[in-house]
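Step one of this worksheet: look at the structure below.
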Amino acid sequence: MSNSQKPPSLQPNEIIKRTKPDYNWKVIVELGKGGYGTVNKVIKVNEEGFAIDDKEYAMKTEQKFASKHSSRLKIERNVMASYSKCDAQCKEHFPELIDFGQSPVWKWIVMTIVGPSLEELKMKYKPSDIPPSTILQCGLQTMKAIHDFHQIGFLHRDIKPANYCIGYGSKSETIYVLDFGLARKYRLPEWYCSRASHRCEELGRRDDYESWFFMFIDLVDTTLIDWKGLTRPDAYAKKQELFTKLKTYEKEPMFKVISIYLDTLVYDSDVKFGFLRDAITDYARSCKLTLKEPLVWFKERNDNESGSTPTTSATACSPSSSTGTGTGTGVSKIASNIDQKSIASDRNEENSLDGSKTGTWKSTKTRNKKPSRK
């Protein structure tokens, strides 16, 4: 099959056969579609095609002919297999890798299903509908996800609201980071990419946090992120101006603290997660805000729930990421059983990201010299 040809989508009720005969996957409905494949809601079924239980999952596919170098699904599977070995508290913000395999047309992975992305929620809710507590908790959870991702030895490199999703149904108070196709061992969308990315410098842990910071600012006050749609040079200049402005910004003191700290970091700096977390929690305390209130969509679900269908719809990251253009929340009121055999069979091909084994911290490149931050 040539790259110009696209395989048909998986169809509802289609059965995806596994190597192991204990169960197969049945497609329920398509959740999303991208350039290389689809995301579908699936369930486990027996050989006769009957459901084994009432659990639902997300199957992410990629066209089989995707080249070794362009296969984001392969990288994503490697990353997920790596953190699957970690303790539960270290992966609470990551979707679980359930299964993976391939057919004559598709490569696929199955993971826990999630709810809407933060990008979708920004478009769904009016600014006045999102309480300050929810915004701050989103900031803390999304930042903790980055911290945990760095702890297992990876940079995400694609931090944006579309790559964070709330949990599905009763788990909608937890925020998950997804879409690890650009992850590397120790290119971002234009809106949220760090300034180092504009300068074509090697990206480090600091840059994931800077992208998170732009995303957090956009959740709090959309008027500050004013470079959407600009060219890269103009967007870079705007980001430089914003950091200069925030260092004396009294309207949101936590922005001042965070921006000053981030500008002290260089490529190989060990980012102090506790310092950034305290900047948010101290601000919440000064504003007499509690961070134990239910997130607004979780509260809405409980208020509307009739005992059957959850209000948060299932979704998953598109196989080919796209940047949303929806209106931000503008909440400036804040101031007021993995198949191990399959893994082993592909180990020679897939045991590396940037030439280094998964689960380790060292890169193959010697980093004796810090890149210039001028």
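Just so it is clear, glycine is given a Cβ too, placed from its N, Cα and C backbone atoms.
These features come from Swiss-Prot:
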type	residues	note
DOMAIN	25-296	domain 'Protein kinase'
BINDING	LEU31, GLY32, LYS33, GLY34, GLY35, TYR36, GLY37, THR38, VAL39, LYS60	ATP binding site
ACT_SITE	ASP158	active site, proton acceptor
REGION	302-374	region 'Disordered'
COMPBIAS	306-324	compositional bias 'Low complexity'
COMPBIAS	334-343	compositional bias 'Polar residues'
COMPBIAS	364-374	compositional bias 'Basic residues'
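Mean model confidence of the domain 'Protein kinase' (25-296) amounts to 90 (pLDDT, 0 to 100 scale). The most densely surrounded of the recorded positions LEU31, LYS33, GLY37, VAL39, ASP158, judged by C-beta neighbours within 10 angstroms, is GLY37. DSSP assigns LEU31 (ATP binding site) to a strand. The secondary structure of VAL39 (ATP binding site), as reduced to three states from DSSP, is extended strand.
A distance of 21 Å separates the Cα atom of LEU31 (ATP binding site) from that of ASP158 (active site, proton acceptor).
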